[in-house]
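**Q** TrEMBL lists these features:
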{"type": "DOMAIN", "residues": "42-155", "note": "domain 'Plastocyanin-like'"}
{"type": "DOMAIN", "residues": "168-319", "note": "domain 'Plastocyanin-like'"}
{"type": "DOMAIN", "residues": "447-564", "note": "domain 'Plastocyanin-like'"}
{"type": "SIGNAL", "residues": "1-29", "note": "signal peptide"}
Amino acid sequence: MAVCLLPSFLRTAFVFSCIMFIFPALTESQQTGITRNYQFDIQKTNVTRLCETKSIVTVNGQFPGPKIVAREGDRVVVRVVNHVSHNITLHWHGVRQLQSAWADGPAYITQCPIQKGHTYVYNFTIVGQRGTLWWHAHISWLRATLYGPIIILPKLGVLYPFAKPYKEVPIIFGEWWKADTEAVISQALQTGGGPNVSDAYTINGLPGPLYNCSAKDTFKLKVKPGKTYLLRIINAALNDELFFSIANHSLTVVEVDAVYVKPFATKTLLITPGQTTNVLLTTHAQYPNANFFMEARPYVTGQGTFDNSTVAGILEYENPKSFSSSSFKKDLPLYKPTLPDLNDTSFASNFSGKLKSLANAQYPANVPQTIDRQFFFTVGLGTEPCTHNKTCQGPNGTKFSASVNNVSFVLPTTALLQSHFSGKSKGVYASTFPIIPLNPFNYTGTPPNNTFVTNDTKVLVVPFNTSVELVMQDTSILGVESHPLHIHGFNFFVVGRGFGNYNPAKDQAGFNLVDPVERNTVGVPPGGWIAVRFLADNPGVWFMHCHLEVHTSWGLRMAWLVLNGNLPNQKLPPPPSDLPKC
């Protein structure tokens, strides 16, 4: 009776939840290579933060959104129904999407958006991955509230390469705006200036006690003495890299971007938007009679404005000697961690340099030792002329822009993957993306007088199974800045990094081809370069972009087109019948 009184989209979610509840959970022996079904209803939900209530776009009314849990080898099927006026797509960040490019999700790259009242089913299998990834909206700035964790457990009978933790806890950093983020980016693109910044950072959707009117909205991690906890940390913030630390505690990094790494201890970690980091937190052996702040604040390298604030959660110990129903004391001393300076690039570089693949027999680092194609991309900001004889709010009356090899990518109105598969690419994209800068200059020295970019929709075509080496070079145009670059559809090995201009004659000699870290998102150092290698073994069209959302909006993005191989399992399958139409 009660179900019938609910709105239609809630009835769907309720019935689905009931089905999941009525049928008992599958036993471990039944969970090898099973299909995991999820129902995602995109809907508006009123949420109150910082003493103000706003209507935000959510999945199933949850903020952050629901977690997806699967084992390596499982098939994941997510039925997405859009009940809001915004067009929607979802991206499963870091999932390899082997032969499932139609499920990758970036709007106008692999699919057209899901319009109001329409449904699309994302269908993919987790192949050769285990750890923490995440999902988020991949259109405009809607991922400000549409995001959640993906937890990939090892196959049955396969242990973690570290001691099994007592408990696992997702820790998701985000940003909170009092304003409508769609209005924020729309205004910035119209005026050509920088967008307004967020009003707060969040941990699991909560800003914490360091913001006004926010003490009750504080994430609290309640722990027992002498236990080890696995924290699955995700940076879902739109525009900020973050430092994170827990007062009086050390963290042991064991995995990044769903790939195990050689463990190392650190008091503080750095995590860019798009990245995930699993850490082990071992609590004090005895009840410490104190509480501890867990804090995150930005790592800042650019010259623009930013949210200069700190989000805090609280680590609370359970008192084993307490016999009351509530064993957590609120009047204990509260210790704060010491975080690096906002612009501490030295810490950022040292932390990144500690990340190494396990590179053992069970988890080898299959780094391409020989290279078929080498590419050199400049990444950074630029400008474009103000339109309609107006004065814009960018540098010297221009509009802010951003580019890769001076091409500011223009999203098409038809999805690239559909155009490629149907053989109707004419007028949609050109296969002429430059493999090196067309106008070389001193990339980290005095910037050129002409800072204008070109605007186009170009892709870079590579044959199937090409071994690729890509160097990404930051530029000093409008100031050096760190850029977290994400490549869809692939993991890559970070074989080299440095500051200044990349010099192949000397820098290649220092490449790590033995145990480099394997990732899907990596920060290009401010005023420096990063070198990655990967095997183009996944046919389809794959987006590559800066994961600072403002830079993506300004055009710091491009697409790789990987052609089919000769064998049936090396070819892109046909699109699903419910693929959204543009």
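Glycine is treated like the rest: Cβ placed from N, Cα and C.
Automated prediction, rather than curation, is the source of TrEMBL annotations.
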**Q** How do the residues of the domain 'Plastocyanin-like' (447-564) split into helix, strand and coil according to DSSP?
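**A** Helix, strand, coil within the domain 'Plastocyanin-like' (447-564): 13 helix, 60 strand, 45 coil.
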**Q** Tell me, roughly as an integer, the mean pLDDT over the domain 'Plastocyanin-like' (42-155).
**A** 98
**Q** Let's see if you can do this one: DSSP helix, strand and coil counts over the domain 'Plastocyanin-like' (42-155), in that order.
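**A** Split into helix, strand and coil, the domain 'Plastocyanin-like' (42-155) gives 6 helix, 58 strand, 50 coil.
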